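Notes for the one structure printed next.
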Amino acid sequence: MAAIELIDLKKNYGPVPAVKGINLTVADGEMIVLVGPSGCGKSTLLRMIAGLEVISSGHLRISGNDVGHVDPADRNIAMVFQNYALYPHMTVRQNLEYGLKNRRVPRHEINRRIADAADILEIGEFLERRPRQLSGGQRQRVAMGRAIVRDPAAFLFDEPLSNLDAKLRVRMRVEIRRLQRQLKTTSLYVTHDQLEAMTLADRLVVMNGGRIEQIGTPVEVYRRPETVFVAGFIGSPPMNLIDLDELGPSDRAFPRDTDLVGIRPGAINLGAGSAHDLRFDAHVELIETVGDENNVHLRIDDSRKRIIASVPTDRHLRESDRISCHVRMEALHPFNKSTGRRTDRSR
């Protein structure tokens, strides 16, 4: 196991900056998830740590050693890819032992590591099969097994579940989290799927445009997004972002420079509320039933701003209904559009 430090890490492709001065410390045994939209730099950053991309500037330290210019094979890191990267002509056992044989690990040690990995991942019955004889989930477990047998200082996961169907992704998320906790190996995991990120991470690193927008536990990032981007990216349905002048009056003042308000769909309550609440009237345009909740698409009166409210299905609404809504002031997220940041920084 090892701590990983990224110090002002940058990556340029010619004149184009892709990763813009990343500073991050991953504690020994921690699971960090890098999450963000396509093109935000998260996979490039992971490949820089792995040594598959040359670092333009900055420092990368693993266990206190600067490894920015060390060959990938000598960084003691194991990577799990989206496409499994298994040799199709080899059996599962041969795939697991291939890297160890190249490193001249003794045969008895190879056998021990394969047996341990097969036991942890429950792939013992597949050892003599070839990848084409396995399901997608089984192939991904073999790919993780190949990483485990290396006994690395850290795991790097590059969107490993993207090729799996929704049901299998849920199961594999649980397996990866269980495995990481069991092995206590420092891990960095890249995904664009926020649900995957929220369920796996000890801490989230939300990226956008090659920069870090926010670092925090999943609960911290969800409850208190620090930027407009994070507010709109984390959460499903996403947070409603509304210009302050599009909302009705309230007897409570917002922090200075607030001109944009974020409201989680679940924070919108039906009914008039009290004078202390933020209140507005709206028309129901569309109702989506999602399990025990309805995502109700609303158009705020006068402003014509469209928002989403999540309400229980036992609240009987019809499209074209006109309803009153209220939000507790404590549930509002105040932002400034120019800076893109919260205005209640001291709270």
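The backbone N, Cα and C atoms fix where each Cβ goes, glycine too.
The feature domain 'ABC transporter' is assigned by Swiss-Prot to 4-234, with sequence analysis given as support. In the predicted model, the domain 'ABC transporter' (4-234) has a mean pLDDT of 93.
Residues or ranges marked as ATP binding site by Swiss-Prot on the basis of sequence analysis: Gly36, Pro37, Ser38, Gly39, Cys40, Gly41, Lys42, Ser43. Gly36 (ATP binding site) falls outside any helix or strand according to DSSP and counts as coil. Counted within 10 Å of its Cβ, the other Cβ atoms near Gly36 (ATP binding site) come to 28, all protein chains included.
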Neighbour tally for Pro37 (ATP binding site), based on other Cβ positions within 10 Å of its Cβ: 12
Beyond the site residues Gly36, Pro37, Ser38, Gly39, Cys40, Gly41, Lys42, Ser43: chain residues whose C-beta lies within 8 Å of the centroid, for ATP: Thr44, His192, Met207, Asn208
